[in-house]
Amino acid sequence: MTDIERIDQLREELHVHNYNYYVLNAPVISDLEFDKLMRELQDLEALHPEYYDPNSPSVRVGSDLNKNFTQVEHKYPMLSLGNTYSQAEVTEFYERVSKSLNEEFELCCEMKYDGTSISLTYEDGKLVRAVTRGDGVRGDDVTDNVKTIRSIPLVLHGEGYPKNFEIRGEILMPWNVFEELNRERELREEPLFANPRNAASGTLKSQNSAVVANRKLDAYLYYLLGDNLPHDGHYENLQEAAKWGFKISHISRKARTLQEVFDFINYWDVERKNLPVATDGIVLKVNSLRQQRNLGYTAKSPRWAIAYKFQAERALTKLEKVTYQVGRTGAVTPVANLDPVQLSGTVVRRASLHNADIIASLDLHIGDMVYVEKGGEIIPKITGVEVSARPAGSEKVTFITHCPECGSELVRYEDEAAYYCTNETACPPQIKGKIEHFISRRAMNIEGLGPETVDLFYQEGLIHNIADLYTLQTADICRLERMGEKSAENIIQGIERSKEVPYERVLFALGIRFVGETVAKKVAKAFRSIEALASANLDDLIHVDEIGEKIAGSIIQYFANEKNRILVERLRQSGLKLEADEEDLSGYSDKLKGMSIVISGVFARHSRDEYKALIEKHGGKNVGSISKKTSFILAGDNMGPSKLEKAQQLNIPIKDENEFLAMIEEE
Ligand code: AMP
Ligand code: ZN
């Protein structure tokens, strides 16, 4: 088989695997096999740039090319929907439609997904453009970012789709991805996203599609537009679209009577809490496109649809006191303790207060009557104070100055909202938090162990740090109350199995401040063993892509602490993977070993980040700025004049892309 034939074959196969996994939720190959096929495709495509295809499955991994979005005018304006919170207005809508149409009609009842809307244009079965709603008339062209969303087909299946059509839908960040992202951001002390909607729209506007690819967005498509749609029914068209490879909501139902509509609303108002994505209401649409045309539009919204929004849930209750939680990183979070109050089906006793600034801006006093809300957010929050109800002489809430757990004085770093306890190695919640992070699913994934067990082991003095886990004996555990022999054995087996966890995840599991999952991967790629990492200096570290001084400083500080070095040594003796596996290196060479290479300008044959990857793949290092140590400059068109001057000054050789590709070409 020629390379070109193989590329075609891989593209076709990967499209199908994508669809099985992301739309049908039924993968037929393992993630590992998938990655392998993808890597093979990327490698072949790199060898045959002339065979570039904008809809190849490889575009799904994104690119870090920076570009501002161009604005595109919508073919059909993207209007908003009439909104209501009351069932009485739903009845009015129904009656209005009934009267205008003066014939039988069906309503399609759908979830109102709470993300960010998107318009996709397909031509000849290929995705050609993805545009945000913008101001309704024109939006941003975010095609490259949208291509990284795996549940959006790049190439359609089957047949019968119109030559040209538009499909609209909602781009969403599933709850679990959102929570994980916020955990990561918390670890890196970055501002948290308030809800999945903000996270989805923020991500979609990212200038770096590789970031988008990492964030695992999802999408539901909910409306087809075009001249030659297969059916007159909106619902029926979507069923057809599902056959072409689109992810549609299987919750949608057609209703003929108001009673059916209310049954749908009442059922999903409760049941939506079990959905993997955020929803904020129900959308009702007249199903027949002919009837939709008859009803038409007002200036702002269609007359044939309405959104019924679920109540934004809010309650008024008394603030009893403020307590403080110390997290794994030592960050201190204030928590409002409330007089228990019923809110959206649960009793709320506590609400997050985020940080000292928020407390100050609310001007909180103990005993205040406060408004608590549970919107799209996971943890209820205090959104306001009923100042008129403030008891005379009540005490203003002021942030604590010392750690409630260990008594150390708290510090606040420059540019940061949070206060920290810096007593890392002796503050109990920090110790326990580190162990909990270490065993968590994304880190060492130790089955049978959870936060309560960690707490118990810590209380009983069985473990004081992560290395102690590996010297635990079944007998030690059995001695504890509530622990049977069977569960003790499970725990020990789980710990044993964690020794197979790859190096990059061990790095993440260590819980070095600012080293989240993504950073750990980058670090593991650049420093193939923990010794290499421990002996790296600031300069070595900041030369790694995406690692700035903040992260580098934290890594250096970690290994400068003798307690941590001892810990790592004990982990090594226990047999954990503290270096990268050999097989990770397959397809790699060391043709560029020891070389520092600066990339500059615009290229014809590969993108900048493909060149970056090629440099790393062949053992070189891609660095940002020219210095005496630079081995050569990989220059495309329009290399910056200051770089050119500096290169000439320092006598650094300049190679164009053909020379570079020749250098790394296999003989
Ligand atoms: P609003 O922004 O409140 O005016 O509501 C309109 C928005 O709801 C649309 O722009 C879509 O982004 C979103 N939406 C979510 N689910 C649906 C759905 N099933 N049908 C139509 N729009 C939806
Ligand atoms: Zn402390």
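Cβ coordinates are placed from backbone N, Cα and C, and glycine is handled just like the others.
Just so you know, TrEMBL annotations never went through curation; they're auto-generated.
Among the candidates Arg6, Arg133, Arg138, the residue that TrEMBL annotates alongside Asp31, Leu32, Glu33, Phe34, Asp35, Ser80, Leu81, Glu110, Glu170, Lys285, Lys309 as binding NAD(+) is Arg133. The secondary structure of Lys285 (NAD(+) binding site), as reduced to three states from DSSP, is extended strand. In this structure the C-alpha atoms belonging to Asp31 (NAD(+) binding site) and Lys112 (active site, N6-AMP-lysine intermediate) are separated by 32 Å. Between the alpha carbons (Cα) of Asp35 (NAD(+) binding site) and Cys427 (Zn(2+) binding site) lies a span of roughly 41 Å. Cα to Cα, Lys285 (NAD(+) binding site) and Cys403 (Zn(2+) binding site) are separated by 55 Å. Cβ neighbour count for Asp31 (NAD(+) binding site): 9 (other Cβ atoms within 10 Å of its Cβ, all protein chains included). Lys112 (active site, N6-AMP-lysine intermediate) falls within a strand segment according to DSSP. Proximity to ligand 1 (Cβ under 6 Å from any of its atoms) holds for none of the binding-site residues Asp35, Cys406, Cys421, Cys427.
Other C-beta atoms found within 10 angstroms of the C-beta of Arg133 (NAD(+) binding site) number 20, with every protein chain shown included. Between the binding-site residues Cys403, Cys421, the minimum number of other C-beta atoms within 10 Å of a residue's C-beta occurs at Cys403.
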